[in-house]
Amino acid sequence: MAMEDYKPCAAMVVTQCIYAAMALWSKAVFSGGMSPLVFVVYRQAVATVVLVPIVVVANRKKMKEMVSLGVVGFSLVFVASLVGATVNQCLYYQGVNLGSSSMATAMTNLIPAITFVMAASVGLEKVEVRRPRSLAKIFGTAVCVSGAMSMAFFKGPKLLGDLHALLLHSPAGGGISRWVVGALFLIGSSSCWSLWLILQVPICKSYVDPLSLSAWMCLLSTLQSALLVSFLQPDPAAWRIHSLFEISCCLFSGVFGSGVTFYLQSWSISVRGPLYSAMFNPLNTVLTTVIAAVVLREELHVGSLFGAFAVIAGLYVVLWGKAGDGGGKRGRETEEEHADDLEKTVTRSDSMLEAGGGIAEPLLRAESDPVEMEK
């Protein structure tokens, strides 16, 4: 019985380790010359090859329903794929390339706060300024945003080095601008993922199977990103894979970043609920930062670490605010009127990992009982 209690924790730790490995590995291949945009195409293609056979086997008797989306349904899935998979991953990996893997994983902790702002803006999230929990969500969002801005614009001196050496050997203006642009790309990626979560409300009302929806999104994203690369990088040489290291990274991202984490995260959410899954996000940041500093020789800066800690602290404040939603009977009834659709949608979306590069957890409402996933 005791071992059963530890299984969800072990599953989430393995999931975060996979995400950290993906961030570090992708940074290494980009440093070796591989194009981030081409990497997105290969990753989505591998994910499609992995997921489509699984969908076919799991839904043999319902293949007509899986294939026929209808005009409206296909349009919604196409837009969701464009925003949540294609643009999201292109911005994310460009941010990894221009910035650092540790900053990239830290920025993904913004997703719950951004989702809260977007959901409140369209009326899917109830905000009552007189309630401590609502104030916590607002305050946590502000802390997250402040931390992200600190990471982007206040790099600061090196943590392991003297300030004098930094001043004498500081990077040129182009280096600073690359860091800022990379941070802005990562913020844009988190915003795209949050918008994708909101788009799931109309999609999942008519298309409720998360596995086949993930396969559709991976397929469409492969085509979209390939078309995007053909315009932005018309040189055929950009498509070349130069080493087994690059091939392994693409395969790992598609197979483990999709198939393995899909199963582990879906199962953990069904057992312990979505907030339990979101609480493990900072582990990815910590692992990536430590390993990147030791293996990839990434430099740690005071401003970046301060911003990362602020983002993580803001994340937990937002999650604490969400944990109180629907705690009592009256609170539950009020919340259900405004956020029931969003909760069901983002619960499913946690299992659709391909749309976010495997690094983001949405803002979710905690329940006293575990949230059951539709399989």
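Backbone N, Cα and C atoms are what each Cβ position is placed from, and that goes for glycine too.
Those TrEMBL annotations? Automatic predictions, nothing curated.
Note that this is a predicted model, so its numbers are computed, not measured.
Taken from TrEMBL, the feature compositional bias 'Basic and acidic residues' covers 327-346. Residues annotated as domain 'EamA' in TrEMBL: 12-131, 182-319. Residues or ranges marked as region 'Disordered' by TrEMBL: 326-346. What TrEMBL lists as transmembrane segment is 9-28, 40-59, 66-86, 106-124, 136-156, 176-199, 211-232, 244-264, 276-296, 302-321.
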Listed stretch, out of 9-28, 136-156, 211-232, 244-264, that has the most CB pairs under 8 angstroms to the transmembrane segment (276-296): 9-28
The transmembrane segment (211-232) versus listed stretches 40-59, 106-124, 136-156, 244-264: most Cβ pairs under 8 Å: 40-59
Range from 106-124, 136-156, 176-199, 244-264 with the greatest count of C-beta pairs under 8 A to the transmembrane segment (40-59): 244-264
Listed stretch, out of 106-124, 136-156, 244-264, that has the most CB pairs under 8 angstroms to the transmembrane segment (176-199): 106-124
For the domain 'EamA' (182-319), the number of residues DSSP places in helix, strand and coil: 118 helix, 1 strand, 19 coil
DSSP helix/strand/coil residue counts for the domain 'EamA' (12-131): 101 helix, 0 strand, 19 coil
